[in-house]
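Novice: For reference, the structure I am asking about is given below.
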């Protein structure tokens, strides 16, 4: 491999940051704030190790896409019998719809807050439904423009939640203890499972293996493939460090403000902004709107990448040859229809919506094996991977971690 080059790292920068949005969607924010409110700083170690495990999986996904020149859904269709392919597609779509419900609801809640309550929850869902056309518009101008757009949204999240962190001033000592000292009680099991599920998103594994193919790589030359894998690994790790920082900010803000309070059991995306405003309303910045801006950036970025992932999943598993706009509309419809039902039914202050979001995070953790097992099986195939096949130690390590 040639010596490290910043220019080459910049050339490969982009796919990892689109991938890391799966670690920052409203489902993650819901898991973060509920973990902070219910367990304080005690689950930070789990957030750290869930991010590490997610990074290991995403690195394998990128490796598979670079070496084979195909994404995970395509390879599943080619390598597995039809019944297994269809079963994997159904499970992946379920995970994708579950994630999309959280993402669209998160955007709708942010729009409702920023509009001063003028736009109802269902109205925010309708507005968010059209973001797939933003994706199609940006994609026409090239993948780098699309990546730059997502970079702006990630920066918006980072700045918003960093401001909240600075204004609420969580304990640095307790933060460090929470990261290095594992603690888990019977009362926080559901939040713990939710953290794992919302950090490691099954559809994100499929997405990353496709995103890395946006750069032209001569797969016949081993040195070029090795170089691409090397720089994609660096870029992915940097992106996940950013996502981890944002998740830490959210968790610790709610740990500082609501752990041990009578509101800890009732807090969720629907009322989190109002609770923050009541407690920190005298801060320099209006914390309610800072929260809403960060939540909107999270929701919009993740719904668009969800549409992106849905196209790869549908096209790869079913081998569909449809126009991009039609495939985007079909993919979007899978999520918007159930989300609209949820929005109409739960357009109140009813805490049931937060219970639903928490349950969807648990659903994601249940769906993880349907992405992980095919991934590990394929990257362990010497016929597919050649000299880039993963060794038995890596394979066993991944299986043990999960």
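Placement of Cβ uses the backbone N, Cα and C atoms for every residue, glycine included.
Predicted automatically and left uncurated, TrEMBL annotations should be read as such.
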Novice: Which residue range, 44-66, 67-89, is the one TrEMBL calls transmembrane segment?
Specialist: 44-66
Novice: Using TrEMBL as the reference, determine which range in 325-346, 347-368, 369-390 is annotated transmembrane segment.
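Specialist: TrEMBL lists transmembrane segment for residues 325-346.
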Novice: Based on Cβ pairs under 8 Å, which of the stretches 44-66, 117-136, 192-211, 288-313, 325-346 lies most in contact with the transmembrane segment (232-255)?
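Specialist: Of the candidates 44-66, 117-136, 192-211, 288-313, 325-346, 44-66 scores highest.
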Novice: Going through 44-66, 117-136, 192-211, 288-313, 325-346 one by one, which has the most CB pairs that fall under 8 Å from the transmembrane segment (148-166)?
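Specialist: Ranking 44-66, 117-136, 192-211, 288-313, 325-346 by Cβ pairs under 8 Å to the transmembrane segment (148-166) puts 288-313 first.
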